Amino acid sequence: LDMGHMVNAIEQVDEFLDLGANAIEFDVDFDDDGVAKYTHHGIPCDCGRLCTKYAVLTEYLDYVRQVTTPGDPKFRKELVLLALDLKLQRISSEKAYAAGVDVATKLLDHYWMRGWNGGRAYILLNIPLVEDYEFIRAFKDTLRKEGHEQYNAKVGINFTGNEDLDEIREVLEKLGEDEHIWQADGITSCFPRGTERLKKALEKRDTPGYKYISKVYAWTLVRSSIMRRSLRLGVDGVMSNYPDRVVKVLKEKEFSDKFRLATYADNPWEKFTPI
């Protein structure tokens, strides 16, 4: 996956897809009651980026639905995954359940259209800290209560706070979640980051029978050299401010026969087995 980072304004969606992204990440900002209002990051944010771009979340979901609905004039076949960077760390953990209900409901109403020609992209729920795990419970409860559990097939989970991998596994066990799990590792592009935890995550992913990591991505990469480093380690995805650089690196001789950009025919929840 070549994931565009911080794609918060509606006009940025096509901008990032034009640069070669096949997935986009956007920030979901909540009010104090856990109601998801805007796609907005705010200050401070990644180096060299404007932090203040935003959209009303429901309008954003309406737009990306069109972009991911075959037959729609706005349809772009390359967009296969939407990563929701849920800014739960800005609200109290007690509101994580309410937030999960709200996000699930908004996806049902504005993205999936409750089964009436909704968008087809996979959804990755990026949760900053394990303490906010109630969000996942609420999200799944809501799909069940609303009679739309079929969308679980499209939804994955990812804890993004670089916490201890075994702690993350314990929380997933507690939730009864052992599939559709991504593991991100990274830091804002302003700072360098070593590969120790990334390697551990990849090791777990590649352990036969280990269910709690099926895919790993590194974020937020801007330098081609760091993209190469991550690809050599065998990541499943890269989140970048410059998706066109990722495309370029993937075309290099060293990588072109090992990697390709994922398409909708690929399953984002299955462990990748090299040929």
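Note that Cβ sites are derived from N, Cα and C of the backbone, with glycine treated the same way.
DSSP assigns H5 (active site) to coil, not to a helix or a strand. Packing around H5 (active site) is summarised by its Cβ count: 30 other Cβ atoms lie within 10 angstroms of its Cβ, all protein chains included. The annotation active site is assigned in Swiss-Prot to H5.
Under the heading Mg(2+) binding site, Swiss-Prot lists E25, D27, D85. According to DSSP, E25 (Mg(2+) binding site) is assigned to a strand segment. In sequence order, M3, G4, H5, M6, V7, L82, A83, L84, D85, N126, M239 are the residues near E25 (Mg(2+) binding site), counting only same-chain partners six or more apart with C-beta under 8 A.
The annotation active site, nucleophile is assigned in Swiss-Prot to H41 on the grounds of similarity to another entry. The C-beta environment of H41 (active site, nucleophile), restricted to residues of the same chain at least 6 apart in sequence and closer than 8 Å, consists of M6, N8, D27, D29, C51, T52, K53, K87.
Here Swiss-Prot flags C45-C51 (among others) as disulfide bond, drawing on similarity to another entry. For C45 (disulfide bond), the Cβ neighbour count at a 10 Å cut-off comes to 20, with all displayed protein chains included.
The disulfide bond annotation in Swiss-Prot covers C47-C190 (among others) and is backed by similarity to another entry. The Cβ of C190 (disulfide bond) has 13 other Cβ atoms within 10 Å, all protein chains considered.
Between the disulfide-bonded residues C47, C51, C51 has the most other Cβ atoms inside 10 Å of its own Cβ, all protein chains included. Rounded to a whole number, the C-alpha distance linking C190 (disulfide bond) with C45 (disulfide bond) is 9 angstrom.
There are 23 other CB atoms within 10 A of the CB of D27 (Mg(2+) binding site), with all protein chains counted.
One way to see the shell of the Mg(2+) site is to take the Cβ centroid of E25, D27, D85; the remaining same-chain residues with a Cβ within 8 Å of it are H5, M6, V7, N8, F26, V28, T39, H41, A83, L84, L86, K87, N126.
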